[in-house]
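First comes the structure, then the notes that go with it.
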Amino acid sequence: MDTKRWYANDFQQDKQVAIQSAAELLKAGETVAFPTETVYGLGADATNKAAISKIFQAKGRPQDNPLIVHVATPQQLKELVTSIPNYVDKLLEAFTPGPITFVLPSNGRCAENVTAGLDSVGVRLPGHPIALKLLQEAAVPVAAPSANLSGKPSPTSADHVWSDLNGRIAGVLDGGATGVGLESTVLDCTQAIPIILRPGGITKEQLEEVVGTVMIDPGLANEKERPKSPGMKYRHYSPDAPLWLVEGPSEKLQQVIDEEMKKGHRVGVMAASKTVAAIEADLKKDLGANMETVAAALYDALRMFNEHDVDLILCEAFSEQGIGQAVMNRLKKAASDYIK
Ligand code: AMP
Ligand code: MG
């Protein structure tokens, strides 16, 4: 398949034409990747079963992993579900459009392969202007998982999408780098108290400020429990070389690096600026000065190591406060070892 690539940055004069062309393909039952404020999504008409199967095929995604449906307005969200608790209205007001997905009882309007046979549906209103414009133009709910090959780090640029999916999808809207850099927070809103199924762009602390108590799915913390969000049981975000998380001061990280280098291994390290400045390794990736920059740089860093010949990647363990919770959730899924 010939994959189209439209440039839709603000400086581009024919941005509207690009978005309209992408929307036409979506309406015709094709798959199109587009930027959101979290990561790039691979979209298809959520009401069209054949179009949705093309997403699973292009990504090599397991069929039992449901897709998040993207809409432009709260009204469109309401058209996909049977009921909405009051607290969701508050969260819609406070955080949308933005990086949060609401899991609600489905009314069956979405194709059955969107929800993987569950009686709930995950819906989100993305905050990225190109995503919103595309959804308005397409005028259908658009199911869109991350636009990467299943198992690979999520794409935070159109180049990442291109390297995974060129030839497998109808088109890519190139809107430059994404913002948050990690996927949305997935919130189960089918109970009296909301439950975080996947930590993400909106933190637990932010949610609690608006609705009081928020729970965390026990399956997230405990390996033995089955996570309620089907996608969380898969190993994810993996670079090609093994990744180890290392907790503690930079001296300890340096010790692990030295031991591995002595064995003849080429060692890559990713860490925040302060730690990067304090250590020596074969290849260093600076994730920036704070947790926001770490989140935004994380997937690009994992992909960067794939392009360099390293035997092992070491990453410093971060504090699980605020967006740090989502960062550590992704790192633990990518890592094969955690040195404490
Ligand atoms: P992705 O779009 O690739 O970032 O993955 C979407 C995430 O949302 C996966 O972890 C899914 O399992 C989760 N998800 C989507 N719909 C539902 C649902 N109805 N119930 C629980 N989790 C869901
Ligand atoms: Mg994904």
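A Cβ is built for glycine as well, from the same backbone N, Cα and C atoms used for every other residue.
Bear in mind that TrEMBL entries carry predicted annotations, made automatically and left uncurated.
Neighbour density for S184 (L-threonine binding site): within 10 A of its CB lie 27 other CB atoms from the protein chains shown. Taken from TrEMBL, the feature L-threonine binding site covers T38, H70, R124, S184.
Here R61 (ATP binding site) comes close to I55, P145, S150: these same-chain residues lie at least six apart in sequence, with C-beta atoms under 8 angstroms from its C-beta. What TrEMBL records for R61, N65, A144, S146, S154, R198, Y237 is ATP binding site.
Residues or ranges marked as domain 'YrdC-like' by TrEMBL: 16-202.
Take T38, H70, R124, S184, the residues named in the record as contacts for L-threonine: the widest Cα to Cα gap among them comes to 13 Å. Secondary structure at S146 (ATP binding site), as computed by DSSP, is strand. Between the CA atoms of A144 (ATP binding site) and R124 (L-threonine binding site) there is a gap of 10 Å, rounded to the nearest whole number.
The Cα of R124 (L-threonine binding site) lies closest to that of R198, out of the binding-site residues N65, S154, R198.
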